[in-house]
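Q: The structure is given below, and queries will be raised subsequently.
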Amino acid sequence: MISIDSSAMQTEAVDLANLPAQDTALEIRNLDLRYGDKQALFDVSMKIPKKQVTAFIGPSGCGKSTLLRCINRMNDLVDSCKIEGEILLHGQNIYDKKVDVAALRRNVGMVFQRPNPFPKSIYENVVYGLRLQGLSNRRDLDEAAERSLRGAAIWDEVKDRLHDNAFGLSGGQQQRLVIARAIAIEPEVLLLDEPTSALDPISTLTIEELITELKQQYTVVIVTHNMQQAARVSDQTAFMYMGELVEYADTNTIFTTPKKRKTEDYITGRYG
């Protein structure tokens, strides 16, 4: 089993099956997803607690990134995709026809595997979403830029070159800039799809430290192939295999005393 430093665990384990509505950020109910004739998710149900870090782990192709992208309807961009079931945010199914998808994605931000800054200045990257929302007051934009860059733990590194091109930053800095851009519009939920897979170990550590800070303000859901990373940063872990949610519990339980044989086999490296 993977050892976990209990001193690093920031929150107490919660009863995920009986999580009260006021403590639930998202609830996924009986979710199925198909790409054409191929089913990628099978009857997934889970509750994701507010202001904690939930990790999705599992072997390649298990459906973890597919599930993550369901949470802000990124899979809508795939023509052959068909979804059944519900994902509830504030008690409303985000797949209801009345839902404003653009508004949903403002409330549920996403950061991808590779840093994707825009070909603009550092400053304009951060305030881009705010400008789209109609914010034009320079003082308000300046305050939002500083707040977001501080929130992404990169302010001290860029405060004297805010108007330099974002492509001049290192990979790790670019990823933190992208996180700053995501939190500038103040989402409730932040989705991270393997956010450190393209980064060096030092940059990875910086992002992991940032994730533990982000949950003070946001609900964070992370997909990672790195089990040690999941053990370090998450409060809950969901293990997925072949499109099914095999086991979902507090991270300490998943990595030390899993209840399902498939989970134990994956954690101990018997496959994956």
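Positions of Cβ are set from backbone N, Cα and C atoms, glycine also.
Heads up, here are the entries from Swiss-Prot:
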BINDING   Gly58, Pro59, Ser60, Gly61, Cys62, Gly63, Lys64, Ser65  ATP binding site
DOMAIN    26-267  domain 'ABC transporter'
Q: Can you give me the same-chain residues 6 or more apart in sequence from Gly61 (ATP binding site) with a CB-CB distance under 8 Å?
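A: Within the chain, Gly61 (ATP binding site) has Cβ neighbours under 8 Å at Met242.
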Q: Where does Lys64 (ATP binding site) sit in DSSP terms: helix, strand, or coil?
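A: Reduced to three states, the DSSP call for Lys64 (ATP binding site) is helix.
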Q: Fewest other CB within 10 angstroms, which one of the binding-site residues Gly58, Pro59, Gly63?
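A: Comparing Cβ neighbour counts within 10 Å for the binding-site residues Gly58, Pro59, Gly63 gives Pro59.
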Q: Where among the binding-site residues Ser60, Ser65 do you find the Cβ with the fewest other Cβ atoms within 10 Å?
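A: Sparsest of the binding-site residues Ser60, Ser65 by Cβ contacts within 10 Å: Ser60.
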Q: Counting across all protein chains present, how many other Cβ atoms fall within 10 Å of the Cβ of Lys64 (ATP binding site)?
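A: The Cβ of Lys64 (ATP binding site) has 27 Cβ neighbours within 10 Å.
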Q: Among all protein chains shown, how many Cβ atoms are found within 10 Å of the Cβ of Cys62 (ATP binding site), not counting that one?
A: 23
